[in-house]
Amino acid sequence: MSASERPQHGRLVVKLVAIVVGMFGFGFALVPLYDVFCDITGINGKTENTAAVYDGVTVDTSRTVTVEFITRTNSGMPWEFTVETRRVDVHPGEMAQVNFFARNPASRDIVGQAVPSVSPGQAALFLNKTECFCFNHQPLAAGAEAVMPMKFYVDPQLPEDIRFFTVQYTLYDVTASVADVAMNQG
Amino acid sequence: MSTATEHAHDDHHHHMPTGIKRWIFTTNHKDIGTLYLWFAFIMFLVGGAMAMVIRAELFQPGLQIVEPNFFNQMTTVHGLIMVFGAVMPAFTGLANWLVPMMIGAPDMALPRMNNWSFWILPFAFIILLASLFMEGGGPAFGWTFYAPLSTTYSGDSTALFVFSVHIMGISSIMGAINVIVTIWNMRAPGMTWMKMPLFVWTWLITAFLLIAVMPVLAGAVTMVLTDKFFGTSFFDAAGGGDPVMFQHIFWFFGHPEVYIMILPAFGIISQIVPTFSRKKLFGYASMVYATTSIALLSFIVWAHHMFTTGMPVAAELFFMIATMLISVPTGVKVFNWVATMWRGSLTFEVPMLFALAFIVLFTIGGLSGLMLAITPVDFQYHDTYFVVAHFHYVLVSGAVFSIMAAVYYWLPKWTGKMFDVTLAKWHFWCSLISVNVLFFPMHFIGLAGMPRRIPDYALQFADFNKWISIGGFAFGLSQLIFLAVVIKACRKQGEPVSDQVWEGAEGLEWEIPSPAPYHTFETPPVVK
Amino acid sequence: MKNTLYGVLGSLLSVTAFADSGAQKDQYQLNLSKGVTDISGQVYDLHMLMFYICVAIALVVFGVMFYAMYFHRKSRGAKPAHFHESVKVEIAWTVVPFIILIFMAVPAAKTLIAMEDSSKADVTVLVTGSQWKWHYKYMDRDLSYYSLLATQPEQIQNKFAKGENYLLEVDRPLVIPTGKKVRFLITSDDVIHSWWVPDFAVKKDANPGFINEAWTRVDQPGIYRGQCAELCGKDHGFMPVVVIAKDPAEYEAWVSEQEAIQRKAKEEEQKLLAMNMSMEELMSVGERVYNTSCAACHMPNGEGLPGVFPALKGSDMALNDMPAHIDIVVNGKSGTAMQAFGKQLSLKELAAVITYERNAWGNNTGDTVQAKDVNAVMNGQ
């Protein structure tokens, strides 16, 4: 192979390197793509983390859906975390409110973050929350208590075969990471 | 295929350094191929030694030899070394040696980069192995490094693990770019796409898979690194991340990776079977199409590794069916090999023995793979020894056997001397028997319910585990015979061989002298 | 000797002869167990169907191959033929496998859809994995508990003879009623675990922060054993699952009894607050608790695993900072493997184990920690 043909390699190499760089970027693009994928298929029961708007939803009184709530706190999170009703029966399209209670029994101020998860996962696509404590961090001073409301409706499009689903909230102690962010910003 | 034979002669007009400098500064594809192959062999023995530790601990119930934490490090590093240190470099070594010779090119397209892509590799593995000696030990989260076990709950050695995987990735990517550019630009006149030997074809497709997915792996380890040390939460639910997402990203890399380790094997077998059948490969074109479709399908089946993570039925069905589809082109390949042998004139030299063992044992591994694709039963098989049996059948008696077949097939061309056939036959028969004693009973204990990656097990698994361990030790020792054969061959002991070496061998590499001169095809041959 | 011979024969002749002998847990179980539920039976049938299809394919392919290897040998004078392609044959062996695949996919899809039945269940149990134990919470009852490996460490260390259910026994099994639909909600506190009972054909990953669900309906009363199936760290091999299925009346009685016991224990606990336990009593209870709950990571000698789990022996916290010590045991530490034992142990056990850690292995602080001290930390006083 003579030297004059060298640049030919160069062009191909540049293209291939572009593929490599592109695929490295794609690896990171999988993070938002995964969320899109979850929104479409309901993998893992992720719910929207922004408020839905209740507007012009028709209530489907022909059927009832039971929504079950589970409250958990993760290791290292000393809060007491309960829900006023374990189960609510709602018609799809009907607004409902459920109150959650949290108490910080520790002697330090703690910022909590609730992470929702729905099972079966497809139901997550039809659970619309107009207001939820899980959208924001929840700071509680030492010894303080709070009532945390959650307002939601079940989309009338919910498949007929889902008559029952579970919503779990896990509370995490995010005091340290919130403090980091505050420090970086301030 | 016939060629004009006025190719370059064994010329010594280049200044050639000797001793260690020759190997460090070499840009010669044959030298680099040799380096890769020796490196892979050493890593094979190191990873094998770790497997021996694992099998010794599992020889009987109870904890005898190692602690659970160290056991997990052994399974993890064994996997990483065998995948990234043994199988992949061995294939790259074969590509270095053979691709230029098969397509009539004087060398790889980018010789200096070739030198680099090899020489960073030892550092990657030194870093990985050194991490085992850190306080708290090396990576212990499995070669799949699922978050959050590899993030929040791992030791500080994770940083070394990530660094080492990055280097391995860069090495593989550079190697793959080199292969693509070589094949794309440097084929001899007349060497059209559909005249290329299948080893070249399969490597071309493998190289594209490599540049497509190794960067994704690099992304995944980078996310693990930042999650662990820099406060991001890609995989941490508390910060809005999702640990299951890790598995999606990992297996998006991981499944094509599986084919990276088997497609070149298909190429090798497609070279060897026709030679010893004295008959042209059956269905050359369909082999090329089958390889391409396997490579494409490999991008849409990743979630079959994660059926138990909880997925909607529709997704489970999709991934099940896509996975089952892969068996169609794979089946075509097996059928083509058998059809090549049909009404041939067969002889059973050592490379052919390994190739035949490959076809049978790889097919067994492929069929258990088909069983694993069926989602409802996968819930029972998943993460048991049935899976361990499956992937060792395709990787050890599949990929590794194909590498051994390749070494025996081309070794006389490389050294100019026939290897010690008696010893090689001993190696074959010992390996064949022990590999089955080692991996076949794993199907049984897997079905009976023994999970993977456990250092101790319930009593009903005891007897089979004993047999498996005995098979393991025997297989490990058998590889020392291989080492002896290769060392003897490298010392140029044995009968001189002809240029063609094997009676039925066809292709450009068999038309140059044996041993292959340091520089070949400086004037390109003309392929008619 | 006879057994080993049987073993060799078994592995060689595996194909069908012993395929159905897998029901009992014998040494040479070669096959999947049929299990005890409708679903596990379906899964077993599907497995056998797949197996027979695969064996048939293998026999045909290998048959042709071995025929060629024997009859088309050069040494028998075989001359090579010249064909190297045939569109018809190649299309045939692409299409035929497709048809076989459809034949496999249809029953598989049916079973899969049957498995994902999300209708209402009679009993719901929240299953939470953590390093390295399971926690069960009956969602409709006032009952929850941890389930730990019950095999003695001495058996694992080969000092005692191994029992029949070595590594497959727990201190408190999950109890479920027969003939009812039992729903498992599965989640995790730390890393990913996987809850697996082969006899129910139920295996679901426990993902931290997320829930998964699975269900079963067991027909026969009995004890069913399984294991964690996803690598979850050092003691992944030591977190078995044991489920006892009882008939509904017995189940009901058992749950009520357990509820009463747990209520009573809570009342007793309040009384404890006013009492002081002696050093001897704290140390002896503490040692027992330490060995079951702490020694897996911090090691029986308190030295931990350097670089992985910190030592307690000579640690600053155990020697000096008592409030921090109580806090970390009760509440755990976020982002580490240190769990919140406030939920797992009683006040008395917590007090005892903290006392033990402050006085064992040469940590001779002389401190005693009482239930009321622990209670104070729990309630922020």
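Heads up, the Cβ atoms here are built off N, Cα and C, so glycines get one too.
According to TrEMBL:
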DOMAIN    B:23-528  domain 'Cytochrome oxidase subunit I profile'
TRANSMEM  B:35-56  transmembrane segment
TRANSMEM  B:76-99  transmembrane segment
TRANSMEM  B:119-141  transmembrane segment
TRANSMEM  B:161-186  transmembrane segment
TRANSMEM  B:198-225  transmembrane segment
TRANSMEM  B:245-269  transmembrane segment
TRANSMEM  B:281-305  transmembrane segment
TRANSMEM  B:317-338  transmembrane segment
TRANSMEM  B:350-374  transmembrane segment
TRANSMEM  B:386-411  transmembrane segment
TRANSMEM  B:423-447  transmembrane segment
TRANSMEM  B:467-487  transmembrane segment
Ask   = the transmembrane segment (B:317-338): which same-chain residues, six or more beyond its ends, come within Cβ distance under 8 Å?
value = 266, 269-270, 273, 281-283, 286-287, 289-291, 293-294, 297-298, 300-304, 307, 311, 359, 362-363, 366, 369-370, 373-375
Task = Could you give the residue numbers and ranges of same-chain residues that sit at least 6 residues beyond the transmembrane segment (B:281-305) on either side and whose C-beta is under 8 angstroms from one of its C-beta atoms?
result = 194, 198, 201-202, 205-206, 208-209, 212, 247-248, 251-252, 254-256, 258-259, 263, 266-267, 270, 273-274, 311, 315, 319-320, 322-323, 325-326, 329-330, 332-333, 336-337, 339-340, 342, 372-373, 375, 378
Query = On the 0 to 100 scale, where does the mean pLDDT of the domain 'Cytochrome oxidase subunit I profile' (B:23-528) fall?
reply = 95
Task = Return the stretch with the most CB pairs under 8 A relative to the transmembrane segment (B:467-487), choosing among B:76-99, B:245-269, B:350-374, B:386-411, B:423-447.
result = B:423-447
Key: Selection from B:76-99, B:245-269, B:386-411, B:423-447, the stretch that has most Cβ pairs under 8 A to the transmembrane segment (B:350-374)   = B:386-411
